[in-house]
Amino acid sequence: MAIERITDNKFELVSKYDPAGDQGQAISELVENIENGEKAQILRGATGTGKTYTMSQVIAQTGKPTLVMAHNKTLAGQLYSEFKEFFPNNAVEYFVSYYDYYQPEAYVPSSDTYIEKDSSVNDEIDKLRHSATSSLLERNDVIVVASVSCIYGLGSPKEYQDSVVSLRPGQEISRDQLLNDLVGIQFERNDIDFQRGCFRVRGDVVEVFPASRDEHAFRVEFFGDEIDRIREIEVLTGQVLGEVDHLAIFPATHFMTNDDRMEESIAKIEAELEAQLKVFRSEGKLLEAQRLEQRTNYDIEMLREMGYCNGVENYSRHMDGREEGEPPYTLLDFFPDDFMIMIDESHMTMGQVKGMYNGDRARKEMLCNYGFRLPSALDNRPLKREEFESHVHQIVYVSATPGDYEMEQTDTIVEQIIRPTGLLDPVVEVRPMMGQIDDLVGEIHKRAEKNERVFVTTLTKKMSEDLTAYFKEMGIKVKYMHSDIKTLERTEIIRDLRLGVFDVLVGINLLREGIDVPEVSLVAILDADKEGFLRNERGLIQTIGRAARNSEGHVILYSDMAKALDENDPADKEILDSGYYTEYEGQKYKITRSMKHAMDETARRRDIQMAYNEEHGITPQTIKKEIRDLIAITKKTDSGELEEVDASAMNKKERKALVKKLEKEMQQAAAALDFEGAAQLRDMVLELRAMD
């Protein structure tokens, strides 16, 4: 039974802050552009300027159901937590891949190895996915924070909505009919272990545990063939929380189809099977034909008997009634037409949207070619980028460094540059590669005297190792952060850097999450003129931003300055005319386009920030951030005070106690959707266990 979406709910933004800096201007521009029907725009916001708050204000003022996309689960989890705080009275939902572990089905012909699909589903995330889709069909004040998994195939929203079991007090329906209806939408009867997606029966009382809940269920009480009343109950205690006048029970799976459609689908699957068997046999592929026939007939039998089978999504083209090559239904189809998309860190996220389709297709083609799947399985896939674009009604790309794709989509760019803390983008200068190490040693000593820290980023692992060894010989307290370092050790390194155990951190990629250190006042980028992933314009701007959390922030780009530019040389004259040069000690030297653009952008932002601070009497203050020991265990001494014990200094019994404590914290972090924290804690537990 279809349900009506409530459309008169309003977004209610709850915050103790008012827009600060240039947030107000950015919010006004974005809202005005949306109300004027602008399809695409970019919010180019410097790091630390409060872009999430701006996004929240835009959602509240436009009142549109909104999809916020992020490029990984960690970032999505952080955004979800922030939006939940801003909108406690609205539906803020979370939609990411529900697999804790996922090994996709695959076939490797070279070794004749078939890898069966193996996965572990996170029940909590599955619940949140169901909550997201049901909210989208019930109301309009919805924000869904999602990873790129939202462009993967999901069942038809029409079938999902049409399958809803709608119940009201006074409604004429027999108890047995309700039980049949619940089984039809993939609910399971379980009178003992009552959990999500189950129902239980006690005489004239049916209790239903929706797939989108984890604590509350509903008790439907019958009087003959009529519903007497419906009550919400707490599952654990059975306590009645109140009566409801309407209950919409959404299916326990997103892949739904009715009985008539199921028979049609099975007929199409059988026809496709017959056609594909003829192809295989005509090509002499008898093993592939036998394999396909056996597997598909088993699935058909399961579909007939149970309405479901393992890997049912591979038949989604037939289930949905789609034509070959037609895009699958996704989360985007559950939104009303007039919805808004916000892409966070768009320079990363849009790249993922582009790459998803090709990787998925290459794997599935192998399965189809060798008789593990019917060719229609190719249509169980993520959207292509152009298909994603066809769903866009209005979109806001959010990034400190928007990518080429976003810049091609729109000329409308709204800037947000002022940090509420008054902090400025750092001063950037170029120095010669010749003598760079001795120069850098001098700069490090200056910072060490002021109890400040230094980041040094190199291009190769060998250079990082050699540089670290040289610094140690020079008496500098230094450590090297490389990709092989485990979570526990990485956390210790960052903490030790902040505490001043050492002064310099050397690495190749210092852009990873969790390496923001307010004590860092100098970032040195070696080989800044070698174009590449971490030396392109965006990579340089992001690395330069590592010094933007300190009021003394300074960045040095070391570049090849072997030859000064000569105005009389035609080639040099061309470089001078292009502007891609820098001055050093009265001479002009060539720099790369990326260096020039990164330096110009940083200087432009800094000028705007300085002017704003001067006008409003703001003095930049280095961010004060508590230094915590993530691997310390606390225990009470005789005096009742807490003391910290280092994990490496513990005995086996103490380490066991620490593991127990960390496991509890890990579960709490996962429940709070702090997936990065939970993952770090998990890795710490594994490493502590390895000590024993």
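Every residue gets a Cβ built from N, Cα and C, even glycine.
Checking Swiss-Prot for motif 'Beta-hairpin' across the ranges 98-121, 194-217, 338-361, 410-433 points to 98-121. Across the domain 'UVR' (656-691), DSSP assigns 33 helix, 0 strand, 3 coil.
Neighbouring residues of the recorded ATP site, listed in sequence order and excluding GLY45, ALA46, THR47, GLY48, THR49, GLY50, LYS51, THR52, comprise THR54, ALA400, GLN416, ARG419 (Cβ within 8 Å of the Cβ centroid). When each of the binding-site residues GLY45, GLY48, GLY50 is scored by how many other Cβ atoms sit within 10 Å of its Cβ, GLY48 comes out lowest.
Counting Cβ atoms from all protein chains shown, LYS51 (ATP binding site) has 22 others lying within 10 Å of its own Cβ. Between the candidate binding-site residues, THR47, THR49, THR52, the densest Cβ environment within 10 Å is the one around THR49. According to DSSP, THR52 (ATP binding site) is assigned to a helical segment.
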